[in-house]
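Next up is a structure, given as C-alpha cells.
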Amino acid sequence: MRGEFYQQLTNDLETARAEGLFKEERIITSAQQADITVADGSHVINFCANNYLGLANHPDLIAAAKAGMDSHGFGMASVRFICGTQDSHKELEQKLAAFLGMEDAILYSSCFDANGGLFETLLGAEDAIISDALNHASIIDGVRLCKAKRYRYANNDMQELEARLKEAREAGARHVLIATDGVFSMDGVIANLKGVCDLADKYDALVMVDDSHAVGFVGENGRGSHEYCDVMGRVDIITGTLGKALGGASGGYTAARKEVVEWLRQRSRPYLFSNSLAPAIVAASIKVLEMVEAGSELRDRLWANARQFREQMSAAGFTLAGADHAIIPVMLGDAVVAQKFARELQKEGIYVTGFFYPVVPKGQARIRTQMSAAHTPEQITRAVEAFTRIGKQLGVIA
C-alpha cells in the first residue's frame, strides 16, 4: 500500500511534467532587486517580483532590520499570547491600523494565515460568505474552513453580486460578508469597491478586502484600493501582507474594528498557534511605513515606470490586460507560446514567468509583468525591445 502511494506521486509528477505544468524553481544568487544574478552567473532584469516600491534590498530597511535584531533578538520562540509579544509588535500593529484608517490590526505569519484564520473565527453556519470568483487561493481556502453558506459571483460583476446577496438574505442568513481581492493579481485589475460597498450598504452586509497587491502604492497616499476607490471607512476588514510592496520579506495582518481584532486574538488558530513575527521583520516593517508616509517619490517612480512600459508595449502591438496598476499582463493565449516566450526573454536578460492553465483560464496564457520603482527607464526600454524581437519571431506581433 505504501509503495502504491509513492508510485502514485511519481506518476502525478511525470504527468505534470509531460503536460508542461511542472513548476521549476529558478535559483537567484543575489539579493532581490531590479538587476538580479541567477544560478549560471548571468545578470537579468527582474520583471516578475512583487517588489513594487523597490524596497526588498533597500539599505535603510536592512539597517532597521539589523537594529531590530540588536535590540530585540533574532526570534521570539513563542506564540503571541504566551511570551511572544514585544513592544515593537504592538507598535507595528498600531501603525498599520492608522495607515489603513482602521481602528486596530493584528499580525500574522503571512497573509495566507490571516485569510485562513479569518472566516471560521468570525462566522458560523447561520451566516453567508459571498466571494469573488477570482479571489486569491488564501481566501478560497479560508472560506472552505468556515461553516457559513458559500456563494460566488463572477469577477467584479456587480449585477451577479447583488443576485447572490438577495439569495443569501432570502435564505435567512444572519450575517453576510462579501469577500474580494482589492487587486486581482493575474489581471492587474482593481476591484470595484465602490460598487461592492454600495451593495453592502443596501443589503446590510460586511465587506472584507485582501489588499496585498495595493497597500503601499495604490491610492493617493498608498493606503490601498479602498483609498483609490474612495471608500475608506466603508470597508470592514482589510487583510494584507508585508511580503510585497512593504519590504518584501514576510508577515501578514488583518485590520478592522477593535472588537473584530480582539476576537481574532482570542480565537484565530493561525494566530494562536504560530510563532510571532521575527523582530527584524517587525523593525523593518515599521521603517517601511515611515518611508511610505514620508513622501510619494517611490510611488511616483513606480507609476512612471508602469506608464512607460504600457505605452511602449501597446505601441509595439501587444495586447495588455489590466489598467491603473503595476501588474501588466502581456496576453499571449497559447500556453506553449507563453512558456517559450518566457524562456527566450531570459536568454535576452529579461526575467519573467509565463502563466497558463490551471493558473489562468485555458486560452488566456500570459506573461505577467510587474513594474517596480527600482527599474530605470533604460531597463524598461530594454525589456520592451526584447519583447518586441521575440514577439515578432514567435508571430505574436507583426
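Glycine is treated like the rest: Cβ placed from N, Cα and C.
Grabbed the feature section from Swiss-Prot, which reads as follows:
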BINDING   CYS111, PHE112, SER185, ASP210, ASP211, SER212, HIS213, THR241, LEU242, GLY243, LYS244, SER274, ASN275  pyridoxal 5'-phosphate binding site
BINDING   HIS136, ARG368  substrate binding site
MOD_RES   LYS244  N6-(pyridoxal phosphate)lysine
Distance between HIS136 (substrate binding site) and LEU242 (pyridoxal 5'-phosphate binding site) at the Cα atoms, whole Å?
16
Quick check for the class: what is the C-alpha distance, in angstrom and rounded, between ARG368 (substrate binding site) and ASN275 (pyridoxal 5'-phosphate binding site)?
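Distance between the two Cα atoms comes out at 33 Å.
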So how many other Cβ atoms are close to HIS213 (pyridoxal 5'-phosphate binding site), meaning within 10 Å of its Cβ?
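By my count, 28.
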Within 10 Å of its Cβ, which one of these binding-site residues (CYS111, LEU242) has the largest number of other Cβ atoms?
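Counting every other Cβ within 10 Å of each candidate, the maximum falls on LEU242.
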Grab the pyridoxal 5'-phosphate binding residues from the record (CYS111, PHE112, SER185, ASP210, ASP211, SER212, HIS213, THR241, LEU242, GLY243, LYS244, SER274, ASN275) and give me their largest CA-CA distance in Å.
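About 28 Å separates the two most distant Cα atoms.
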